[in-house]
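Trainee: Pasting the relevant annotations from Swiss-Prot:
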type: SIGNAL; residues: 1-21; note: signal peptide
type: DISULFID; residues: Cys67-Cys104; note: disulfide bond
Amino acid sequence: MRLLPLASVTLLSVLCAQAFAAKLEDTAPYPKAEDGFTRQVIHLPKQQHEDRYKVEILAGKTLTVDCNLQRLGGKLLEKNLEGWGYPYYRLDQVSGPISTRMACPDGKTREDFVPVTGDGFVLRYNSKLPIVIYAPKDVEVRYRLWSAADKTENARQE
């Protein structure tokens, strides 16, 4: 029974150490978010062969939509942390939504995540640095990981 408290303390120490190591300020002095913006951070786990992975940034808003395909517009711009050379990203403006114009006979609507589409939303995978994104306060940032298959195919000359 004496091992249980020791195990709990050890587990708590490990979790606290991981949480502390994941703090953005421990990596570099990234600027605070400006008024009207939030600073959102993604810490990626280490992968073997990180060159085979990509990170897709899904910035967007939850909106009321119908049967049509909805999209927002914007560009995710890469900036450089002066003196450090580390990248961070900024989504300055979000336009839209734009929508297809199909008739929706049932007239039903639902709440759904509508992503921003545009340039700069697919990033290189690098677990050594956090992905830091500055986005307008009303924009939610999600992400998806993409990985390449081990097998490659040859192109044919024609």
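Even glycines carry a Cβ here, placed using N, Cα and C.
Not measured: the values here are computed from a predicted model.
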Trainee: Long-range neighbours only, meaning 6 or more apart in sequence with Cβ under 8 Å: which ones does Cys104 (disulfide bond) have?
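Mentor: Non-local contacts for Cys104 (disulfide bond): Asp66, Cys67, Asn68.
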Trainee: Could you tally the C-beta atoms, other than its own, that fall within 10 angstroms of the C-beta of Cys67 (disulfide bond)?
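Mentor: Looking across every protein chain shown, the total is 14.
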